[in-house]
Amino acid sequence: MDNTERSSNGNIQAETEAKEEKKNIKKESVSLMGLFSAADKLDYFLMLLGGLGACIHGATLPLFFVFFGKMLDSLGNLSTDPKAISSRVSQNALYLVYLGLVNFVSAWIGVSCWMQTGERQTARLRINYLKSILAKDITFFDTEARDSNLIFHISSDAILVQDAIGDKTDHVLRYLSQFIAGFVIGFLSVWQLTLLTLGVVPLIAIAGGGYAIVMSTISEKSETAYADAGKVAEEVMSQVRTVYAFVGEEKAVKSYSNSLKKALKLGKRSGLAKGLGVGLTYSLLFCAWALLLWYASLLVRHGKTNGAKAFTTILNVIFSGFALGQAAPSLSAIAKGRVAAANIFRMIGNNNSESSQRLDEGTTLQNVAGRIEFQKVSFAYPSRPNMVFENLSFTIRSGKTFAFVGPSGSGKSTIISMVQRFYEPNSGEILLDGNDIKSLKLKWFREQLGLVSQEPALFATTIASNILLGKENANMDQIIEAAKAANADSFIKSLPNGYNTQVGEGGTQLSGGQKQRIAIARAVLRNPKILLLDEATSALDAESEKIVQQALDNVMEKRTTIVVAHRLSTIRNVDKIVVLRDGQVRETGSHSELMLRGGDYATLVNCQETEPQENSRSIMSETCKSQAGSSSSRRVSSSRRTSSFRVDQEKTKNDDSKKDFSSSSMIWELIKLNSPEWPYALLGSIGAVLAGAQTPLFSMGIAYVLTAFYSPFPNVIKRDVEKVAIIFAGAGIVTAPIYLLQHYFYTLMGERLTSRVRLSLFSAILSNEIGWFDLDENNTGSLTSILAADATLVRSALADRLSTIVQNLSLTVTALALAFFYSWRVAAVVTACFPLLIAASLTEQLFLKGFGGDYTRAYSRATSVAREAIANIRTVAAYGAEKQISEQFTCELSKPTKNAFVRGHISGFGYGLSQFLAFCSYALGLWYVSVLINHKETNFGDSIKSFMVLIVTAFSVSETLALTPDIVKGTQALGSVFRVLHRETKISPDQPNSRMVSQVKGDIEFRNVSFVYPTRPEIDIFKNLNLRVSAGKSLAVVGPSGSGKSTVIGLIMRFYDPSNGNLCIDGQDIKTLNLRSLRKKLALVQQEPALFSTTIYENIKYGNENASEAEIMEAAKAANAHEFIIKMEEGYKTHAGDKGVQLSGGQKQRVAIARAVLKDPSVLLLDEATSALDTSSEKLVQEALDKLMKGRTTVLVAHRLSTIRKADTVAVLHKGRVVEKGSHRELVSIPNGFYKQLTSLQEVL
């Protein structure tokens, strides 16, 4: 599209207001109920069942303490009637086993239902979010979406939402149920104690609420910081060839590192808030204990209750308070999910009714003739309010072909966009058969149009599916007929899998001509009344253009056709040519009429003339006919595109990608990677150890009080209980600093670890050779997913969980020591049951490990589908392919959704089983205590102290093992991380013992070079290629599509290494030279220049980071870019937009040339640098290139042969060999020569 129209001066104030509005929007979070707005009837049933299971599960612990209290009362009075009381203890022990079964079933139901509904709802959210994005009009993508992170919301944000909807809701319900059940039982037992505790609860709630609010705010800011870092990574990896060519790896890593520093600062604040929040909560609970113990002793001494009831009430109330504290992390996760959900729900909520009306409202016509009229149309792009058209009027007669030509920025492509109703006129009307297109049903209207653009957007699916986008319900016969009409059937059938061949991300498996013919087949299948050709052959070489043009000629018959073309040879036979300049019609007429006038059109044509060859047309015509069928297979076989078919990829994956790492080795690697944070880990561990030791000592205090309650002397009860109450109050004072120490330093360690993992990953990714990026599994979407999701999993599942593990380890060691000290028999029996708990959780871990891998990869594939659709939104909108894309996205999500049922039940069963075995252990232990007391082998006080601390130990073991799912996920994420970190690149940019390059003369020689792409080793690109360009000279490489032209440049840049032979620069094998220092002497200008989402100034400076402002401006002047830059309102500070979208093709190319000028290279590599430009832009760019080429060794690949006539040497490639070599004049004099035939195809006159 002509982007000059949008590169004019923008309304800065409007953009500023939009940014402020976005900032305000980002601060929002959805309501708690809003999280579940994607639920259907089955989800409501699952949530109801899961909620019931979670609540019952939570209530079993308070009920456990009821039976426990009865058993304690029996044990305390055992001496009165040993036989009867022992029988009562046995009965209550059996009741505990029954309660354990209830716990087992409820835990199973709760975990499985919430895991399943979380997966289902999030999958639906992802689908609805993508549907809403695809339903937006193009203006949204030009304005609001330019700086947003749409893909981030569908991947990372969705994971946070799923976590909140699933596991964390289950946890919160369970803990809240435990809290409520504990207080209810407390009121029924000793209402005075419970009522007193209610006075403390509001303080705990305020502390927890404040903590949740602070964490929500910090997490929102942290999410934004990580999204910015992800955007940097995505931009770099999507343009990795440019980054490598300009030795920009270090700058990219530095930029990524700076983005991560913002998140690290927020992480410190998060740790501080977490430490203070959790510490304050536990401090209040300890103080509550002190108060309750003192008041309970008062009630016991005055005969208001007995020791067992008092103790049961205290246990229920206190453990219920602990449950409230344990719910805090899950509440924090839900708060994060609410923040993450805001962007997702806002897109869904604001779009559905609006988009539905926009697409489906309006009238349809019975018959469409195809007459199009522009009546006094005025238009300005929403993102750039300068007028493109003012009162533009013209008429395109039905069934006729109209071509629009003109300089860059004249509005050619804008006409095609407006005909498709991507934009609405500011004033005036666009009519179809006399009807304003605004009044027509948009979906129906676009079905009447068929679009073929310059760079056809193909999707990462089969050829058949890509053609099927043209007509949703077409059958295979219709697809084949459309392919035949587009001259595509023969080359498709020659492919290994025919119409089921995967085309790869962006269609990278196919050559330009093949992609274009598939796009034409897509348009043919649609059988449109109106055909729109937007520079449909401008990026093709002469041979491919001839075949594609024949296909277009077939399709254009009897259809209204609008053509925008840079190559004027393609529009010579159209019915009428419309010449645009400055948004106005300057000339209209046929080719011959306009040539006779000698106006703008004639000037453009003269610029494109090549040397006429009188006798070559018939020769080439015959040659093309013979090659039309066979050349297609050659183009696929030797395509310069670097990706392979997916079936080949599966066979040729690098060994390193298959390498498995054991969990222990990965954990050890992680520890080594985290070595700089060991001091933080030590300080955090001190806090965790102290926090862990508090709990068994706390249990000892309780047991001490319990013993005192059964004392017959009131003074003893008063003295002992007050002593414990004072100790607990003191513990409350020191608890806050202990938890602050633990959580602040562990969070700091985790944040620094994830920053280091992300940075190490990013650096490792950028050290790999280009061939590695060509693998489908290493596409940009997958790599950004590893950087974001997997690095986050490593931190949350391992670093964050380490805090809990150390705390519980301290707790377990302290508890076991105390238990064995007081009663080794009781401790031995209860401890003997622990292996059962561990075995149950290990079974759960093994099953989780089996399902997790496919689950992770499926999300990556789905994200790639979404990313591709959003990147090609104009094609999606033009073909009304929203439904097909959504169905493909749904298909990619279906596997993890189906697995959620199985994984949920396995996880729930494993966790429920561990809970059941825990209750059985307690029942066995209490029964055994009664036996020992009955046989006088221990006393009540010692056995209860031993048993109490073991209860706490069992809970800590269960809690630690409950972290198994998160740890397993983190371990799997570590596998992805270390597979990248441990991979040895095939082409090292800093090879040891390589020779530094300080100066390059520029003599380049290919010596018997053979080459195959690493992803498709069975296809030869070059066989013993010999080619040389002398220092300071220029070499033009031409040939049919797939002959290896661009591969020559790829090898010189050392994106790939030859399979055999040598590539030498100044007589030195390129493999012996330091790659970074060599690339600093080379400059690459590509067909589609890769600009970064920063200012024009910074894009030029990318060529030389040490350049001064004056040098940058001089480079821009040399590239004929200075004039258009200073005309912009912000001049050199103008933002180029994502991938340079705010600039026209010619402007982008001149900025890229300025970047190359600033590099001051010894060798210049031009890969089709002007092929995608219109004539006016090409002239300016060619002038800049001519200046740049002087005195430099230059290798240029060009489709337009007029651009290479001045080259010192022209080499013609065919089937991987040089078939002709010489100057332009020498080669055109060879009768029936390859070069002569190629030039004849591009004659205009």
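Glycine too: its Cβ is placed from the backbone N, Cα and C atoms.
Note that this is a predicted model, so its numbers are computed, not measured.
The number of other CB atoms found within 10 A of the CB of PRO407 (ATP 1 binding site), across every protein chain shown, is 22. Under DSSP, PRO407 (ATP 1 binding site) is assigned to coil, being neither helix nor strand in the three-state scheme. Residues or ranges marked as ATP 1 binding site by Swiss-Prot: GLY406, PRO407, SER408, GLY409, SER410, GLY411, LYS412, SER413.
According to Swiss-Prot, the feature ATP 2 binding site maps to GLY1039, PRO1040, SER1041, GLY1042, SER1043, GLY1044, LYS1045, SER1046.
Positions annotated as compositional bias 'Polar residues' by Swiss-Prot: 1-14 (among others).
The compositional bias 'Polar residues' annotation in Swiss-Prot covers 610-629 (among others).
If you look up Swiss-Prot, you'll see 630-646 marked as compositional bias 'Low complexity'.
Residues or ranges marked as compositional bias 'Basic and acidic residues' by Swiss-Prot: 647-660.
Summarising the annotation, Swiss-Prot assigns domain 'ABC transmembrane type-1 1' to 47-336.
According to Swiss-Prot, the domain 'ABC transporter 1' annotation covers 372-607, on the basis of sequence analysis.
Residues or ranges marked as domain 'ABC transmembrane type-1 2' by Swiss-Prot on the basis of sequence analysis: 681-969.
What Swiss-Prot lists as domain 'ABC transporter 2' is 1004-1240, and the listing cites sequence analysis. The predicted model assigns the domain 'ABC transporter 2' (1004-1240) a mean pLDDT of 85.
Per Swiss-Prot, the feature region 'Disordered' maps to 1-20 (among others).
Residues or ranges marked as region 'Disordered' by Swiss-Prot: 610-660 (among others).
Swiss-Prot lists 48-68 (among others) with the feature transmembrane segment, giving sequence analysis as the kind of evidence.
For 94-114 (among others), the entry in Swiss-Prot reads transmembrane segment, with the evidence type sequence analysis.
When Cβ-Cβ distances below 8 Å are used as the criterion, the transmembrane segment (171-191) is approached by residues 51, 54-59, 61-63, 65-66, 69, 110, 197-198, 296, 299, 304-305, 309-310, 312-313, 316-317, 319-321, 323-324, 326-327, 330-331, 334 of the same chain, each at least six residues removed from its ends. Annotation source Swiss-Prot lists transmembrane segment at 171-191 (among others), citing sequence analysis.
Annotated transmembrane segment per Swiss-Prot: 195-215 (among others), in sequence order.
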Check your understanding: Can we call the transmembrane segment (48-68) and the transmembrane segment (314-334) in contact, meaning three or more C-beta pairs below 8 angstroms at a sequence separation of 6+?
Key -> yes
**Study point:** Which of 47-336, 372-607, 681-969 contacts the domain 'ABC transporter 2' (1004-1240) most, counting Cβ pairs under 8 Å
**Key:** 372-607
Check your understanding: Of all the binding-site residues here, GLY409, GLY1039, PRO1040, GLY1042, which one's CB has the most other CB atoms within 10 A?
Key -> GLY1042
Practice item. Look at the binding-site residues SER410, SER413, SER1041, SER1043, SER1046 and tell me which residue has the greatest number of other C-beta atoms within 10 angstroms of its C-beta. Key: SER1043
Check your understanding: How big is the Cα-to-Cα gap, in Å, between SER408 (ATP 1 binding site) and SER1046 (ATP 2 binding site)?
Key -> 26
Exercise for review: Work out how many Å separate GLY1039 (ATP 2 binding site) and PRO407 (ATP 1 binding site) at their Cα atoms, rounded off.
Suggested key: 28
Review point. If one measures from the C-alpha of GLY411 (ATP 1 binding site) to the C-alpha of SER1041 (ATP 2 binding site), what distance in angstrom results, rounded to a whole number?
Key: 30
Check your understanding: For GLY1044 (ATP 2 binding site), what is the tally of other C-beta atoms lying within 10 angstroms of its C-beta?
Key -> 24
Review point. According to DSSP, which of helix, strand or coil covers PRO1040 (ATP 2 binding site)?
Key: coil
